[in-house]
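Copied over from TrEMBL, here are the features:
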- 13-194: domain 'UmuC' (DOMAIN)
- Asp17, Asp112: Mg(2+) binding site (BINDING)
- Tyr22: site 'Substrate discrimination' (SITE)
- Glu113: active site (ACT_SITE)
Amino acid sequence: MTAPELKKFTRKIIHIDMDAFYASVEQRDHPAYRGKAIAVGGSPTGRGVVATASYEARKFGVRSAMSSSKALQLCPHIIFVSPRFAVYREVSQHTREIFHRYTDLIEPLSLDEAYLDVTEDKLGIGSAIDIAKLIKESIYNELQLTASAGVSINKFVAKVASDMNKPNGLTFIGPSGITKFMEELPVEKFHGVGKVTAEKMRRMHLFTGADLKKLSEKELVSYFGKVGHFYYKIVRGIDDRPVEPNRETKSVGAEDTFSKDLDTLPEMEIELDKLAQVVSGRLQKHQLSGRTITVKVKFSDFKQITRSQSFISPVQDANSLANIAKQILAKIDLEAQQVRLLGITVSNFNLPGTGEQLSLF
């Protein structure tokens, strides 16, 4: 799509993403943690998972969803901090109040990020860049935290832009710059491109948006399934998705494709423990708990099985999720096959913040 064509789209979209949110709150509230490598999450002595790492820890390669034991190997002096979700929710609510000063078209993605449509802002400011600056200033002055913002004409570009100059960044991609931006974007930055798909693309010599753009829509769908339709549009700067204040999250999950296939049940149960930690963290981040747990198993021959189990009481905590997932896995006839992927998904949600925990014992 050419720049003149893109200019027909008059929306002004901001994506706000708090910087290392949980870790930054802990460093704000505990001066002893400031300037130090910390990880909010589970203990490295068990099967804990990092929810958020401070920027000091990230310099050593520590990342979200990494096992805490791996984080300790990478950064031996890292400090592990237990999450305080009640505090994070309170801070998140304050950021929402700041957003509402400018628009009511707000689509929260989690406690620490949201889309805002400021095409017609409440104060008549007109400039999305100026609004983003004001929001960032208010967050810093009122909460002593930093946020990064991406500003563009659609959700996809705004979200990618917000990640470009972290921490405390503000990146604007206007209509005249979108074509170049999308063509230069690495494929792993595209929605739906995980490590497995990214590796597949690299094997096909597809490294950037420009490479994807050379393929027809039919070819993209043939190679990557239904998401190929999305790739075809987005690489041309087309993303008509509205900012949806009442958008419902249908499911929350995580899956992992293993570099070496698993062939024993104990190995699989260890991986389910890790996945349960990740899913539990995401549920808490979204203030959700669900009654249906689904386990996905993909074998070395790429055959796939999913099995679900539903409960009267909603589930959110990692131990319950792991135990349920193991029970479901035990009922699957593995037939001595090797497993290349495992996944856990939670659905059938309670309203945010109302979850009662299921006790299995």
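Heads up, residue numbers simply count up from 1 along the chain you see.
Cβ coordinates come from backbone N, Cα and C, glycine included.
Those TrEMBL annotations? Automatic predictions, nothing curated.
Since this is a predicted model, take the numbers as computed values, not measurements.
There are 20 other Cβ atoms within 10 Å of the Cβ belonging to Glu113 (active site).
In the shown protein chains, 29 other C-beta atoms lie within 10 A of the C-beta of Tyr22 (site 'Substrate discrimination').
Confidence annotation: the domain 'UmuC' (13-194) carries a mean pLDDT of 95 in the model. Counting other C-beta atoms within 10 Å of each candidate's C-beta, the binding-site residues Asp17, Asp112 are led by Asp112. Reduced to three states, the DSSP call for Asp112 (Mg(2+) binding site) is coil.
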